[in-house]
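The feature signal peptide is assigned by TrEMBL to 1-21. For 86-323, the entry in TrEMBL reads domain 'AB hydrolase-1'. Here TrEMBL flags Ser148 as active site, nucleophile. The annotation active site is assigned in TrEMBL to Asp292, His320.
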Amino acid sequence: MTGWRRAGMLALLLAFGPTLAAEQQFADLGDLQLSSGATLKDLRLGYRQYGDVAGKPDQVVVLLTWFGGQTAQVEELIGPDRMLDPAQTPVIAIDALADGVSSSPSNSTTQPRMQFPEIRIADMVQSSRRLLTDAFKLKRVKAVIGMSMGGMQVFEWLTHDPDFAERGIVIQGSPRLTPYDLLLWQSTIEAIKLDATWQQGNYTEQPARRALYYIATLAGQSPTAINRAMTRPQVLALLDRHDPVQGFDANDHIRQVEAMLYHDVARLDAGDLSRAATRVKAPLLYLWNATDTVVRPEPGLEFAKAANAKMVELPGDCGHGAFACEMPKLVEVVRAFLAKPLTADKP
């Protein structure tokens with residue numbers, strides 16, 4: 001979500017109430033065999049914890065980061081008046097692989113830059129599970145929750161490790177990308193690799209920053225929302241800017257995008273999402289927006305229906321930023337879902 005109209009989203013979130021800060025921590029977890037068969041050496045995961053994790057291990061909620069997101073940013077969702085109140089449910093927020101905090105092309109000393117192996121969403125989940133079981137000694141958690149790429153991790157977790165979480169919450173994520181999504185996300189990789197500064201990942205300045213900014217601005221909101229928020233003179237002035245826009249490290253960007261491109265929870269079910277959904281044991285909450293042009297909701301709706309999930313549409317035309325535009329509704333729905341006693345029936 002880095003660059004996807006982040007400044008506006010931050011303003012909306014900060015207007016909703018105070019956040020809680022937590023120290024950035026790290027766990028060194030040894031080598032990780034990836035789903036490709038390759039080895040990620042010296043796995044290091046970043047995380048932050050909120051509330052009494054040790055005292056309430058059965059109430060822990062795991063919050064997973066979005067594309068380009070870091071746990072310093074998900075703090076916007078944590079606090080007494082926010083989506084997750086750690087006084088009620090302790091929170092462990094985990095930095096995903098290749099986010100620039102956990103093991104990434106930009107910070108690895110043993111596999112730097114494009115020597116860093118390709119990863120998949122399943123590898124993000126496997127590494128997070130190792131953190132929770134090895135560092136925190138947790139055998140089961142109350143919930144896993146994520147938005148966008150974080151939601152993809154939740155779909156993967158509930159489908160392929162269905163006993164670890166009591167419930168799952170997906171906010172504008174997908175069990176696999178649509179053809180439209182694939183084209184959008186691949187265009188960001190092409191923008192990087194076609195830039196003369198790319199140099200097969202051995203760049204001295206970040207490539208394609210302006211192109212990525214334009215792609216993100218265009219896709220991050222619906223056309224209606226963009227036309228309402230910006231005037232022609234504002235856009236023309238933006239196009240005339242020559243200063244580069246700071247963004248996500250390009251090598252990190254590529255590895256996380258690749259993880260999303262090849263993400264498919266139905267890979268063991270001949271591509272059948274409905275069949276894959278039968279693997280899910282935990283109640284699932286799926287929140288979506290019809291105008292989202294970053295992660296289209298159709299696969300999520302198909303999967304959620306087959307999994308007998310609770311499905312909630314976030315209204316409005318904010319596109320992929322609907323979670324922020326509709327934050328009061330999001331807080332209400334998520335808190336109610338977490339507070340609801342578990343039953344034999346889903347949701």
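For all residues, glycine too, the Cβ spot is worked out from N, Cα and C.
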Per-region confidence, the domain 'AB hydrolase-1' (86-323) (mean pLDDT, whole number): 95
Local backbone state of His320 (active site), from DSSP in three classes: helix
Count of other CB atoms lying within 10 Å of the CB belonging to Asp292 (active site): 25
All-chain count of other Cβ atoms within 10 Å of Ser148 (active site, nucleophile): 26
All-chain count of other Cβ atoms within 10 Å of His320 (active site): 26
